[in-house]
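S.K.: The structure that follows is given in the form of structure tokens.
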Amino acid sequence: MTVPRTGRPGGIRAAAPSRSGWRTQAPVVAVVALGGGTGAAARYAASLWWPTPAGGFPWTTFGVNAVGCAVIGVFMVVITEVRPAHRLVRPFFGTGVLGGFTTFSTYAVDSRSLFADGRLPTGLAYLAATPLAALTAVWLAAWAARRVLKWRQS
């Protein structure tokens, strides 16, 4: 049997998704969309509650990203080490809610704006501090969650 060649790398055409594949993926897509809308609404609420002044340091975006990363640190410990979750919990909350809440695209835009406004030291500090804060938040939150769980079990 020969496979039709295409202009794609390797020249092999991808198989069309089966009907059963769509049926199993539709709930995942739906919960990611629902969670994403929820997370984005929460981020928008944070920007209204804690607005960034024109030309100021983007503390809201910085805080949202750090908090979102801390929450995902706790969430991953709970669903991987404590109690397995329903198959839609991780895509809803981890990918959807937290993906919609955190905003690394706005981080990039904020960084570019700081540089464009001639605020090089602030832009560089923000550019370096955000991923450092995000990674530290994930690590510390996961560590703290494990400590609390160990303490509760003893």
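Note: Cβ is positioned from N, Cα and C throughout, glycine not excepted.
Note that this is a predicted model, so its numbers are computed, not measured.
Dumping what Swiss-Prot says about this protein:
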type: TRANSMEM; residues: 28-48; note: transmembrane segment
type: TRANSMEM; residues: 59-79; note: transmembrane segment
type: TRANSMEM; residues: 91-111; note: transmembrane segment
type: BINDING; residues: G99, T102; note: Na(+) binding site
type: TRANSMEM; residues: 124-144; note: transmembrane segment
S.K.: Taking contact to mean 3 or more CB pairs closer than 8 A (sequence separation of 6 or more), are the transmembrane segment (28-48) and the transmembrane segment (124-144) in contact?
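M.R.: The transmembrane segment (124-144) and the transmembrane segment (28-48): touching, no.
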S.K.: Within 10 Å of the Cβ of G99 (Na(+) binding site), how many other Cβ atoms are there?
M.R.: 19
S.K.: Can you tell me whether DSSP puts G99 (Na(+) binding site) in helix, strand or coil?
M.R.: helix
